[in-house]
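Here the structure comes first, spelled out in structure tokens, and everything after it is commentary.
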């Protein structure tokens, strides 16, 4: 039966999740029939279920098992009830609304549109998948201390004759699939060592032993051996010593006991309050023990400051999925940006047929989507990742008549969540805070001056509908002339948008004036019009000048988006990061270019030892291709802090390469600095290929021995891959 063959069955690595009684897990493991929707005429029944690795969803379309019949839970961004996806709206009738749900993927893969047999069943699928996506399930795979779903998949591919045994040639194929090249003699030696049955093949526990030998972490052995002073185990006191000396953490025996209780897999050791090497590795692999300070994962900053005192995660041409000339526009582009914590989205609005405004990139071949559908999608998804306010940046090219339609749609769809009057009584003199604006929408756009004798004339001259103008409260779009003019003539709520070239010139030539301008007012930066490929620019120099809304093309994977993701990785991924105090002072002398002396100068020395990496994905799909990884460590920030260093490449090993190379960096303004770890596949002839990266704020680094998770080029977590480093931050002498 094909349904019993696809998982990690007992002959390979038996599943042991400890969650066997969980009803959501059991529902997914059992699976069921769903109607897959591709078009009005193409709706076919498919059997979906979760494989035994608890990470891979499988669907049966025919009586055969095909490669494209699976997808990983790690690839899922969200699952949603109803006919909200573009495909379901177009291809189904309203009466099936309650039975519909759809899966949104992290990559550019199309949504999976599905119909269940009942509303209750649809809700159960959605609930169970959300549960499977939770951190609890993701961490179980670490606690199981078993190969990842990627490894299990490679084992199945290598087992050519499907007999659940691996011959020497199949083992060699397996090694290629997991991205490691082993000398034939060494492989033969390992094979013989594991072939206890002398059968000439490896099966079950023999395969597990072979895998364990391959993934031996010598560096962990050394660290553990330094502190395991109690008959080969770490006592609670040994663990306290490690935490205080190496990890620079305040730790008590109670903390050590808690760690042992949570991570030690051996019940006998746990009873004696001892930590084995396996338990130690499980602890080091837990997200809270990794390089990002766990205290910074949730909202930890003061959210009661005025809105303009924060950097805000912002998107340009949010509606586009690809380029700006002929690429598709989609409501799903808004959903993906909002799920990534974006808090300022752009809407290019044009007159559409039947008096319905549309959104697209004007005068191009990009496709069009209805304005009201975008507002519905934003309303539905705005506050799933972050509760803090969303700014709708309107690029308004509509006639007055269709502007009135826009205003009606926003009013009816967003309702009381739309800010249409100042929060305080009387004329406001400053912005409200993100905390005060939780769950609210703010409109940025043109606004009429409210002088009664000129109001009608102004509306006619500006071709602006009063209903739309009245919705612009805190973000009135104005033209920028100079910092002197802005200081004299602009109110706090009047904000200018700067093309990247103009903004970078101001940030380089008038840095302190730009910083002061942004203490009291807002600045929005957007990419140059010449970037028709939706490429991006480096946001860091603009953040250094205090610019709050530095809008990037979220749809384009690149280093600039990696850095943006790193900036907003912290503070609960709320999309708001508080600017340093020296950028919130109207009299500040801070200049990121000249770095005159002041509170911002806190010279630190960063020591990084790049130790090893684990389970790096193959870059090339060629069977014979093995990655030659090298690691780059970069510091972003003020010009004096910008630096980059890299290791030597490690030949033919993506499974467990090691470097043990040390780097040192001087960081003068740590509050603005970011650190980026990236891994590339070295190529002596052409450019290196990207493997994975992780970027985080300098002040969110944890010291000591730390695992670094890795994101792929789309900014999504590589579930099995990681980097292992040692970090030390010291005050410079």
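Think of each number as a place in line: the chain as shown, counted from 1.
Every residue gets a Cβ built from N, Cα and C, even glycine.
Annotated domain 'PH' per TrEMBL: 27-134, in sequence order. Looking at the domain 'PH' (27-134) alone, the prediction's average pLDDT is 85.
Residues or ranges marked as substrate binding site in TrEMBL: 36-63, 444, 446, 497, 524.
Among the features that TrEMBL reports, domain 'EF-hand' is placed at 146-181 (among others).
For the domain 'EF-hand' (182-217), the DSSP counts in helix, strand and coil order read 21 helix, 2 strand, 13 coil. Here TrEMBL flags 182-217 (among others) as domain 'EF-hand'.
The O-linked glycosylation site annotation in TrEMBL covers 197. Note on residue 197 (O-linked glycosylation site): other Cβ atoms within 10 Å of its Cβ, all shown chains, come to 13.
Marked as active site by TrEMBL: 316 (among others). The Cβ of residue 316 (active site) has 26 neighbouring Cβ atoms from other residues within 10 Å, across all protein chains displayed.
Using a 10 Å radius centred on the Cβ of residue 317 (Ca(2+) 3 binding site) and all shown protein chains, the other Cβ atoms total 29. For 317, 346, 348, 395, the entry in TrEMBL reads Ca(2+) 3 binding site.
In the structure as shown, the Cβ atom of residue 361 (active site) sits within 10 Å of 23 other Cβ atoms. Residues or ranges marked as active site by TrEMBL: 361 (among others).
Annotation comment: TrEMBL describes 468-584 as domain 'PI-PLC Y-box'.
Positions annotated as domain 'C2' by TrEMBL: 587-712.
Per TrEMBL, the feature Ca(2+) 4 binding site maps to 626, 628, 652. Contacts of residue 628 (Ca(2+) 4 binding site) defined by a Cβ separation under 8 A and a same-chain sequence distance of 6+ are given as 649, 650, 651, 652, 681, 682, 683, in order along the sequence.
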Ca(2+) 3 site shell beyond 317, 346, 348, 395, criterion: Cβ within 8 Å of Cβ centroid: 316, 318, 319, 347, 359, 361, 393
For residue 197 (O-linked glycosylation site) and residue 626 (Ca(2+) 4 binding site), determine the Cα separation and express it in whole Å. 31
If you measure from the CA of residue 444 (substrate binding site) out to 10 Å, which binding-site residues from the list 317, 348, 395, 626 are inside that radius? 395
Do me a favour and check the Cα-Cα span between residue 346 (Ca(2+) 3 binding site) and residue 48 (substrate binding site); whole Å is fine. 37
Across the domain 'PI-PLC Y-box' (468-584), DSSP labelling yields 49 helix, 21 strand, 47 coil
Between residue 361 (active site) and residue 348 (Ca(2+) 3 binding site), the C-alpha gap once rounded to whole angstrom: 7
Residue pair residue 626 (Ca(2+) 4 binding site), residue 36 (substrate binding site) - Cα distance, angstrom, rounded: 37
